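Feature list (source: Swiss-Prot):
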type: REGION; residues: 1-75; note: region 'Domain I, interacts with DnaA modulators'
type: REGION; residues: 75-104; note: region 'Domain II'
type: REGION; residues: 105-322; note: region 'Domain III, AAA+ region'
type: BINDING; residues: Gly150, Gly152, Lys153, Thr154; note: ATP binding site
type: REGION; residues: 323-442; note: region 'Domain IV, binds dsDNA'
Amino acid sequence: MDAWPRCLERLEAEFPPEDVHTWLKPLQAEDRGDSIVLYAPNAFIVDQVRERYLPRIRELLAYFAGNGEVALAVGSRPRAPEPAPAAAAVPSAPQAAPMVPFAGNLDSHYTFANFVEGRSNQLGLAAAIQAAQRPGDRAHNPLLLYGSTGLGKTHLMFAAGNALRQANPAAKVMYLRSEQFFSAMIRALQDKAMDQFKRQFQQIDALLIDDIQFFAGKDRTQEEFFHTFNALFDGRQQIILTCDRYPREVEGLEPRLKSRLAWGLSVAIDPPDFETRAAIVLAKARERGAEIPDDVAFLIAKKMRSNVRDLEGALNTLVARANFTGRSITVEFAQETLRDLLRAQQQAIGIPNIQKTVADYYGLQMKDLLSKRRTRSLARPRQVAMALAKELTEHSLPEIGDAFAGRDHTTVLHACRQIRTLMEADGKLREDWEKLIRKLSE
(Lines of atoms letter the chains of each structure in order from A and count residues from 1; the text may use other names and numbers.)
(Lines give C-alpha, C1' and ligand atoms only; values in the text may rest on other atoms or scores of the structure.)
Protein backbone atom coordinates (compact mmCIF):
# COMPACT_ATOMS: atom_id res chain seq x y z
CA MET A 1 0.00 0.00 0.00
CA ASP A 2 1.19 3.55 -0.71
CA ALA A 3 0.15 5.07 2.64
CA TRP A 4 2.46 2.96 4.81
CA PRO A 5 5.73 3.98 3.05
CA ARG A 6 4.68 7.62 3.36
CA CYS A 7 3.80 7.09 7.02
CA LEU A 8 7.15 5.37 7.62
CA GLU A 9 8.99 8.24 5.93
CA ARG A 10 7.35 10.69 8.33
CA LEU A 11 8.15 8.48 11.33
CA GLU A 12 11.80 8.39 10.24
CA ALA A 13 11.88 12.17 10.54
CA GLU A 14 10.32 12.13 14.01
CA PHE A 15 12.08 9.29 15.83
CA PRO A 16 15.74 8.26 16.32
CA PRO A 17 17.14 6.17 13.42
CA GLU A 18 17.90 3.20 15.66
CA ASP A 19 14.33 3.13 16.97
CA VAL A 20 12.93 3.25 13.43
CA HIS A 21 15.27 0.49 12.27
CA THR A 22 14.49 -1.71 15.27
CA TRP A 23 10.74 -1.28 15.73
CA LEU A 24 9.13 0.24 12.64
CA LYS A 25 10.96 -0.96 9.53
CA PRO A 26 10.26 -4.65 10.26
CA LEU A 27 6.51 -3.95 10.04
CA GLN A 28 4.57 -5.08 6.96
CA ALA A 29 1.25 -3.41 6.14
CA GLU A 30 -1.90 -5.01 4.74
CA ASP A 31 -4.82 -2.82 3.64
CA ARG A 32 -8.11 -4.57 4.37
CA GLY A 33 -10.29 -1.70 3.20
CA ASP A 34 -11.93 -0.86 6.52
CA SER A 35 -8.70 -1.24 8.49
CA ILE A 36 -4.94 -1.63 8.17
CA VAL A 37 -3.03 -4.51 9.73
CA LEU A 38 0.63 -4.10 10.63
CA TYR A 39 2.47 -7.42 10.88
CA ALA A 40 5.53 -7.72 13.13
CA PRO A 41 8.00 -10.62 13.15
CA ASN A 42 7.58 -11.24 16.88
CA ALA A 43 5.56 -10.30 19.95
CA PHE A 44 8.32 -8.09 21.36
CA ILE A 45 8.02 -5.68 18.46
CA VAL A 46 4.22 -5.74 18.68
CA ASP A 47 4.39 -4.73 22.34
CA GLN A 48 6.86 -1.92 21.66
CA VAL A 49 4.91 -0.51 18.72
CA ARG A 50 1.64 -0.64 20.66
CA GLU A 51 3.16 1.10 23.67
CA ARG A 52 5.33 3.73 21.99
CA TYR A 53 4.24 4.43 18.41
CA LEU A 54 0.66 3.29 17.75
CA PRO A 55 -1.12 6.62 18.48
CA ARG A 56 1.18 8.48 16.07
CA ILE A 57 0.86 5.75 13.43
CA ARG A 58 -2.93 6.05 13.62
CA GLU A 59 -2.74 9.81 13.15
CA LEU A 60 -0.47 9.54 10.12
CA LEU A 61 -2.42 6.73 8.43
CA ALA A 62 -5.65 8.65 8.97
CA TYR A 63 -4.01 11.59 7.20
CA PHE A 64 -2.41 9.65 4.33
CA ALA A 65 -5.03 6.95 3.80
CA GLY A 66 -8.14 8.42 5.39
CA ASN A 67 -8.19 5.38 7.66
CA GLY A 68 -6.86 5.39 11.20
CA GLU A 69 -8.10 1.92 12.17
CA VAL A 70 -4.90 -0.04 12.81
CA ALA A 71 -4.43 -3.56 14.15
CA LEU A 72 -1.16 -5.24 15.14
CA ALA A 73 -0.40 -8.90 14.60
CA VAL A 74 2.53 -11.31 14.74
CA GLY A 75 3.41 -12.84 11.38
CA SER A 76 3.92 -11.65 7.83
CA ARG A 77 1.64 -10.00 5.30
CA PRO A 78 -0.35 -12.56 3.29
CA ARG A 79 0.81 -12.87 -0.29
CA ALA A 80 -1.51 -11.91 -3.12
CA PRO A 81 -3.13 -14.98 -4.70
CA GLU A 82 -1.30 -16.27 -7.78
CA PRO A 83 -3.01 -17.42 -10.99
CA ALA A 84 -3.97 -21.08 -10.85
CA PRO A 85 -1.67 -23.34 -12.93
CA ALA A 86 -3.04 -25.18 -15.94
CA ALA A 87 -2.49 -28.53 -14.28
CA ALA A 88 -3.46 -29.41 -10.76
CA ALA A 89 -0.59 -29.34 -8.34
CA VAL A 90 -0.17 -30.55 -4.80
CA PRO A 91 -0.06 -27.47 -2.56
CA SER A 92 3.11 -27.08 -0.57
CA ALA A 93 3.06 -26.60 3.20
CA PRO A 94 3.12 -22.98 4.30
CA GLN A 95 6.52 -21.69 5.35
CA ALA A 96 6.93 -20.26 8.83
CA ALA A 97 7.92 -16.65 9.00
CA PRO A 98 11.68 -16.42 9.49
CA MET A 99 12.89 -15.28 12.87
CA VAL A 100 14.34 -11.78 12.77
CA PRO A 101 17.27 -11.20 15.15
CA PHE A 102 16.35 -8.73 17.86
CA ALA A 103 18.28 -5.52 17.20
CA GLY A 104 17.80 -3.95 20.60
CA ASN A 105 15.96 -1.02 22.11
CA LEU A 106 18.79 1.17 23.34
CA ASP A 107 18.52 4.90 23.83
CA SER A 108 21.68 6.15 22.16
CA HIS A 109 21.65 9.37 24.20
CA TYR A 110 22.92 7.58 27.30
CA THR A 111 26.68 7.01 27.18
CA PHE A 112 29.57 6.74 29.59
CA ALA A 113 30.83 10.09 28.29
CA ASN A 114 27.80 12.03 29.55
CA PHE A 115 27.45 10.15 32.83
CA VAL A 116 28.49 12.36 35.77
CA GLU A 117 30.73 10.38 38.08
CA GLY A 118 30.76 10.87 41.84
CA ARG A 119 31.53 8.99 45.01
CA SER A 120 28.02 7.55 45.09
CA ASN A 121 28.20 5.90 41.66
CA GLN A 122 31.89 5.47 40.75
CA LEU A 123 31.93 1.73 41.48
CA GLY A 124 28.79 1.23 39.38
CA LEU A 125 30.35 3.19 36.52
CA ALA A 126 33.56 1.15 36.67
CA ALA A 127 31.59 -2.11 36.74
CA ALA A 128 29.43 -1.12 33.75
CA ILE A 129 32.53 -0.16 31.74
CA GLN A 130 34.13 -3.52 32.54
CA ALA A 131 30.96 -5.36 31.51
CA ALA A 132 30.99 -3.51 28.18
CA GLN A 133 34.68 -4.14 27.58
CA ARG A 134 34.69 -7.80 28.64
CA PRO A 135 31.12 -9.06 28.16
CA GLY A 136 30.40 -12.42 29.69
CA ASP A 137 33.34 -12.35 32.10
CA ARG A 138 32.27 -14.23 35.23
CA ALA A 139 33.67 -11.44 37.43
CA HIS A 140 30.74 -9.22 36.43
CA ASN A 141 28.16 -11.55 34.94
CA PRO A 142 25.50 -10.88 35.88
CA LEU A 143 26.04 -7.22 36.70
CA LEU A 144 23.34 -6.03 39.07
CA LEU A 145 22.92 -2.31 39.77
CA TYR A 146 20.59 -1.55 42.67
CA GLY A 147 19.32 1.59 44.37
CA SER A 148 16.36 3.96 44.51
CA THR A 149 14.73 5.42 41.43
CA GLY A 150 16.33 8.27 39.54
CA LEU A 151 19.96 7.62 40.50
CA GLY A 152 21.35 6.65 37.10
CA LYS A 153 21.02 2.86 37.02
CA THR A 154 19.27 2.84 33.65
CA HIS A 155 21.76 5.38 32.28
CA LEU A 156 24.63 3.02 33.12
CA MET A 157 22.74 0.07 31.65
CA PHE A 158 22.09 1.90 28.37
CA ALA A 159 25.68 3.19 28.30
CA ALA A 160 27.02 -0.36 28.62
CA GLY A 161 24.72 -1.58 25.86
CA ASN A 162 25.67 1.30 23.57
CA ALA A 163 29.37 0.68 24.23
CA LEU A 164 28.89 -2.99 23.33
CA ARG A 165 27.22 -2.01 20.07
CA GLN A 166 29.91 0.57 19.31
CA ALA A 167 32.67 -2.00 19.80
CA ASN A 168 30.77 -4.57 17.74
CA PRO A 169 28.00 -3.12 15.52
CA ALA A 170 26.77 -6.65 14.83
CA ALA A 171 26.16 -7.33 18.52
CA LYS A 172 22.55 -8.06 19.39
CA VAL A 173 21.74 -6.25 22.64
CA MET A 174 18.24 -6.62 24.07
CA TYR A 175 16.86 -4.11 26.56
CA LEU A 176 13.55 -4.75 28.30
CA ARG A 177 11.73 -3.45 31.30
CA SER A 178 10.65 -6.27 33.58
CA GLU A 179 6.98 -5.71 32.77
CA GLN A 180 7.79 -6.05 29.05
CA PHE A 181 9.38 -9.45 29.72
CA PHE A 182 6.25 -10.41 31.65
CA SER A 183 3.86 -9.14 28.95
CA ALA A 184 5.78 -10.86 26.17
CA MET A 185 5.78 -14.14 28.07
CA ILE A 186 2.03 -13.95 28.73
CA ARG A 187 1.40 -13.20 25.06
CA ALA A 188 3.60 -16.13 24.05
CA LEU A 189 1.65 -18.43 26.38
CA GLN A 190 -1.66 -17.23 24.93
CA ASP A 191 -0.40 -17.67 21.37
CA LYS A 192 1.22 -21.03 22.17
CA ALA A 193 4.50 -19.53 20.98
CA MET A 194 6.81 -20.24 23.92
CA ASP A 195 9.42 -21.82 21.65
CA GLN A 196 9.62 -18.58 19.68
CA PHE A 197 9.78 -16.61 22.93
CA LYS A 198 12.74 -18.66 24.13
CA ARG A 199 14.54 -18.53 20.78
CA GLN A 200 14.60 -14.72 20.95
CA PHE A 201 16.97 -14.95 23.89
CA GLN A 202 19.16 -17.61 22.30
CA GLN A 203 20.04 -15.17 19.51
CA ILE A 204 21.28 -12.27 21.60
CA ASP A 205 24.71 -11.27 22.88
CA ALA A 206 23.58 -9.27 25.90
CA LEU A 207 20.36 -8.99 27.91
CA LEU A 208 19.52 -5.83 29.84
CA ILE A 209 16.46 -5.88 32.11
CA ASP A 210 15.27 -2.95 34.23
CA ASP A 211 13.49 -3.19 37.60
CA ILE A 212 13.57 -6.92 38.28
CA GLN A 213 11.80 -6.34 41.61
CA PHE A 214 8.58 -6.51 39.57
CA PHE A 215 9.22 -10.23 39.03
CA ALA A 216 8.32 -10.74 42.71
CA GLY A 217 5.27 -12.95 43.17
CA LYS A 218 5.10 -13.91 39.47
CA ASP A 219 6.08 -17.56 39.65
CA ARG A 220 5.85 -18.42 35.94
CA THR A 221 7.77 -15.29 34.97
CA GLN A 222 10.52 -16.16 37.43
CA GLU A 223 10.58 -19.72 36.08
CA GLU A 224 11.12 -18.53 32.51
CA PHE A 225 13.64 -15.89 33.53
CA PHE A 226 15.53 -18.48 35.59
CA HIS A 227 15.96 -20.72 32.53
CA THR A 228 16.77 -17.72 30.31
CA PHE A 229 19.39 -16.61 32.82
CA ASN A 230 20.99 -20.06 32.94
CA ALA A 231 21.17 -20.33 29.15
CA LEU A 232 22.75 -16.90 28.76
CA PHE A 233 25.16 -17.40 31.64
CA ASP A 234 26.30 -20.78 30.31
CA GLY A 235 26.76 -19.22 26.87
CA ARG A 236 28.83 -16.38 28.38
CA GLN A 237 26.38 -13.77 27.15
CA GLN A 238 26.38 -10.64 29.29
CA ILE A 239 23.46 -10.01 31.65
CA ILE A 240 22.90 -6.56 33.19
CA LEU A 241 20.01 -6.01 35.60
CA THR A 242 18.68 -3.24 37.81
CA CYS A 243 16.63 -3.42 40.99
CA ASP A 244 15.34 -0.83 43.44
CA ARG A 245 16.99 -2.65 46.36
CA TYR A 246 19.38 -5.50 47.04
CA PRO A 247 17.59 -8.57 45.61
CA ARG A 248 17.80 -10.56 48.85
CA GLU A 249 15.57 -7.86 50.37
CA VAL A 250 12.85 -8.35 47.72
CA GLU A 251 10.03 -10.46 49.11
CA GLY A 252 8.49 -12.79 46.55
CA LEU A 253 11.68 -13.53 44.60
CA GLU A 254 12.49 -17.23 44.61
CA PRO A 255 15.60 -18.23 46.61
CA ARG A 256 17.17 -19.94 43.60
CA LEU A 257 16.80 -16.74 41.55
CA LYS A 258 18.31 -14.66 44.36
CA SER A 259 21.20 -17.12 44.40
CA ARG A 260 21.75 -16.74 40.65
CA LEU A 261 21.74 -12.96 40.91
CA ALA A 262 24.55 -13.17 43.46
CA TRP A 263 26.84 -15.07 41.08
CA GLY A 264 28.37 -11.99 39.50
CA LEU A 265 28.78 -8.44 40.77
CA SER A 266 26.18 -6.43 42.68
CA VAL A 267 26.78 -2.70 43.06
CA ALA A 268 24.76 -0.14 45.01
CA ILE A 269 24.06 3.22 43.37
CA ASP A 270 23.51 5.77 46.13
CA PRO A 271 22.02 9.27 46.09
CA PRO A 272 24.64 11.73 44.83
CA ASP A 273 26.53 13.94 47.27
CA PHE A 274 26.51 17.73 47.02
CA GLU A 275 29.46 18.02 44.64
CA THR A 276 28.04 15.39 42.29
CA ARG A 277 24.59 17.00 42.36
CA ALA A 278 26.08 20.36 41.40
CA ALA A 279 28.11 18.78 38.59
CA ILE A 280 24.97 17.02 37.30
CA VAL A 281 22.99 20.28 37.22
CA LEU A 282 25.75 22.05 35.27
CA ALA A 283 26.15 19.12 32.86
CA LYS A 284 22.40 18.88 32.20
CA ALA A 285 22.24 22.63 31.63
CA ARG A 286 25.00 22.40 29.02
CA GLU A 287 23.12 19.58 27.28
CA ARG A 288 20.12 21.89 26.97
CA GLY A 289 22.25 24.76 25.70
CA ALA A 290 21.45 26.77 28.83
CA GLU A 291 23.95 28.81 30.78
CA ILE A 292 23.37 28.93 34.51
CA PRO A 293 25.69 30.48 37.10
CA ASP A 294 27.54 28.20 39.49
CA ASP A 295 25.74 29.68 42.49
CA VAL A 296 22.38 28.68 40.99
CA ALA A 297 23.65 25.13 40.42
CA PHE A 298 24.86 25.08 44.03
CA LEU A 299 21.45 26.26 45.23
CA ILE A 300 19.64 23.47 43.37
CA ALA A 301 22.19 20.89 44.52
CA LYS A 302 21.87 22.02 48.12
CA LYS A 303 18.08 21.93 48.17
CA MET A 304 17.32 18.93 45.92
CA ARG A 305 18.96 15.96 47.62
CA SER A 306 17.01 12.87 46.66
CA ASN A 307 17.81 11.87 43.07
CA VAL A 308 18.91 12.96 39.61
CA ARG A 309 15.37 13.15 38.23
CA ASP A 310 14.43 15.75 40.82
CA LEU A 311 17.51 17.77 39.87
CA GLU A 312 16.53 17.59 36.20
CA GLY A 313 12.95 18.54 37.01
CA ALA A 314 14.08 21.62 38.90
CA LEU A 315 16.47 22.60 36.11
CA ASN A 316 13.80 22.13 33.42
CA THR A 317 11.35 24.29 35.36
CA LEU A 318 13.97 27.00 35.79
CA VAL A 319 15.08 27.06 32.14
CA ALA A 320 11.50 26.96 30.83
CA ARG A 321 10.42 29.93 32.96
CA ALA A 322 13.53 31.89 32.03
CA ASN A 323 12.83 31.32 28.33
CA PHE A 324 9.17 32.24 28.75
CA THR A 325 9.78 35.44 30.72
CA GLY A 326 13.06 36.49 29.12
CA ARG A 327 14.62 36.94 32.54
CA SER A 328 18.19 36.03 33.45
CA ILE A 329 18.76 33.02 35.67
CA THR A 330 19.99 34.30 39.02
CA VAL A 331 19.83 32.95 42.56
CA GLU A 332 16.87 35.24 43.29
CA PHE A 333 15.07 34.09 40.13
CA ALA A 334 15.74 30.43 41.03
CA GLN A 335 14.45 30.88 44.58
CA GLU A 336 11.30 32.54 43.27
CA THR A 337 10.70 29.96 40.52
CA LEU A 338 11.41 26.87 42.60
CA ARG A 339 9.86 28.08 45.86
CA ASP A 340 7.04 25.51 46.02
CA LEU A 341 9.24 22.68 44.75
CA LEU A 342 11.93 23.39 47.34
CA ARG A 343 9.37 23.64 50.14
CA ALA A 344 7.89 20.25 49.23
CA GLN A 345 11.38 18.74 49.12
CA GLN A 346 12.19 19.99 52.62
CA GLN A 347 8.89 18.71 54.00
CA ALA A 348 9.51 15.25 52.52
CA ILE A 349 12.79 14.79 54.42
CA GLY A 350 12.49 16.32 57.88
CA ILE A 351 14.11 15.49 61.20
CA PRO A 352 11.02 13.62 62.54
CA ASN A 353 11.01 11.42 59.43
CA ILE A 354 14.73 10.73 59.84
CA GLN A 355 14.30 9.84 63.51
CA LYS A 356 11.43 7.46 62.81
CA THR A 357 13.23 5.81 59.89
CA VAL A 358 16.39 5.26 61.95
CA ALA A 359 14.43 3.96 64.94
CA ASP A 360 12.49 1.51 62.77
CA TYR A 361 15.66 0.38 60.99
CA TYR A 362 17.45 -0.46 64.25
CA GLY A 363 14.33 -1.82 65.96
CA LEU A 364 14.17 0.91 68.59
CA GLN A 365 11.41 2.88 70.25
CA MET A 366 11.47 6.60 69.47
CA LYS A 367 11.63 7.43 73.19
CA ASP A 368 14.80 5.33 73.50
CA LEU A 369 16.44 6.97 70.49
CA LEU A 370 15.83 10.41 72.04
CA SER A 371 16.61 9.41 75.62
CA LYS A 372 19.69 10.38 77.62
CA ARG A 373 20.84 6.76 77.86
CA ARG A 374 24.27 6.23 76.31
CA THR A 375 24.52 2.47 75.82
CA ARG A 376 26.21 1.52 72.54
CA SER A 377 22.98 0.02 71.14
CA LEU A 378 21.34 3.45 71.47
CA ALA A 379 24.24 5.87 71.08
CA ARG A 380 25.31 4.67 67.64
CA PRO A 381 21.84 4.82 66.00
CA ARG A 382 21.35 8.24 67.65
CA GLN A 383 24.62 9.48 66.12
CA VAL A 384 23.57 8.09 62.73
CA ALA A 385 20.25 9.95 62.94
CA MET A 386 22.01 13.21 63.84
CA ALA A 387 24.48 12.82 60.97
CA LEU A 388 21.63 12.09 58.55
CA ALA A 389 19.79 15.20 59.75
CA LYS A 390 22.90 17.27 59.03
CA GLU A 391 23.36 15.60 55.63
CA LEU A 392 19.78 15.72 54.40
CA THR A 393 18.23 18.85 55.89
CA GLU A 394 18.95 22.56 56.08
CA HIS A 395 18.73 22.65 59.87
CA SER A 396 21.62 24.12 61.84
CA LEU A 397 23.54 22.11 64.42
CA PRO A 398 21.68 23.80 67.34
CA GLU A 399 18.32 23.07 65.68
CA ILE A 400 19.26 19.42 65.22
CA GLY A 401 20.39 19.24 68.85
CA ASP A 402 17.06 20.69 70.01
CA ALA A 403 15.21 18.00 68.02
CA PHE A 404 17.20 15.33 69.85
CA ALA A 405 15.91 16.12 73.33
CA GLY A 406 17.77 19.41 73.68
CA ARG A 407 21.29 18.20 73.07
CA ASP A 408 24.10 20.71 72.60
CA HIS A 409 25.29 21.59 69.08
CA THR A 410 28.76 20.25 69.93
CA THR A 411 27.20 16.83 70.54
CA VAL A 412 25.71 16.92 67.05
CA LEU A 413 29.01 18.01 65.53
CA HIS A 414 30.83 15.18 67.32
CA ALA A 415 28.23 12.68 66.09
CA CYS A 416 28.65 13.80 62.46
CA ARG A 417 32.44 13.56 62.63
CA GLN A 418 32.32 10.24 64.47
CA ILE A 419 30.02 8.59 61.94
CA ARG A 420 32.10 9.83 59.01
CA THR A 421 35.28 8.47 60.59
CA LEU A 422 33.78 5.12 61.55
CA MET A 423 32.30 4.53 58.08
CA GLU A 424 35.79 4.55 56.58
CA ALA A 425 36.64 1.31 58.42
CA ASP A 426 33.27 -0.20 59.38
CA GLY A 427 31.64 -1.79 56.34
CA LYS A 428 28.46 -2.67 58.24
CA LEU A 429 27.97 0.91 59.38
CA ARG A 430 28.59 2.13 55.83
CA GLU A 431 25.96 -0.34 54.57
CA ASP A 432 23.48 0.86 57.22
CA TRP A 433 24.11 4.48 56.19
CA GLU A 434 23.57 3.76 52.51
CA LYS A 435 20.37 1.80 53.16
CA LEU A 436 18.99 4.60 55.30
CA ILE A 437 19.87 7.19 52.66
CA ARG A 438 17.99 5.11 50.08
CA LYS A 439 14.95 4.71 52.33
CA LEU A 440 14.80 8.43 53.05
CA SER A 441 15.24 9.30 49.37
CA GLU A 442 12.40 7.11 48.11
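All positions are counted from 1 along the displayed chain.
Glycine residues also receive a Cβ, built from the backbone N, Cα and C atoms like all the rest.
Known features from Swiss-Prot, placed on the structure.
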{"residue": "Gly150", "record": "ATP binding site", "Cβ contacts under 8 Å, 6 or more apart": "Ser306, Asn307, Val308, Arg309, Asp310"}
{"residue": "Gly152", "record": "ATP binding site", "Cβ contacts under 8 Å, 6 or more apart": "Phe115, Asn121, Gly124, Ile269, Val308"}
{"residue": "Lys153", "record": "ATP binding site", "Cβ contacts under 8 Å, 6 or more apart": "Gly124, Leu145, Tyr146, Gly147, Asp210, Thr242, Ile269"}
{"residue": "Thr154", "record": "ATP binding site", "Cβ contacts under 8 Å, 6 or more apart": "Tyr110, Asp210, Thr242"}
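Excluding the listed site residues Gly150, Gly152, Lys153, Thr154, the same chain places Leu145, Gly147, Thr149, Leu151, His155, Leu156, Thr242, Ile269, Asn307, Val308 with Cβ atoms within 8 Å of the centre of the ATP site Cβ atoms. Note on the region 'Domain I, interacts with DnaA modulators' (1-75): DSSP counts are 42 helix, 14 strand, 19 coil. In terms of DSSP helix, strand and coil, the region 'Domain IV, binds dsDNA' (323-442) has 92 helix, 0 strand, 28 coil. When secondary structure is read from DSSP and collapsed to three states, Thr154 (ATP binding site) falls in the helix class. Looking at the region 'Domain III, AAA+ region' (105-322) alone, the prediction's average pLDDT is 90.
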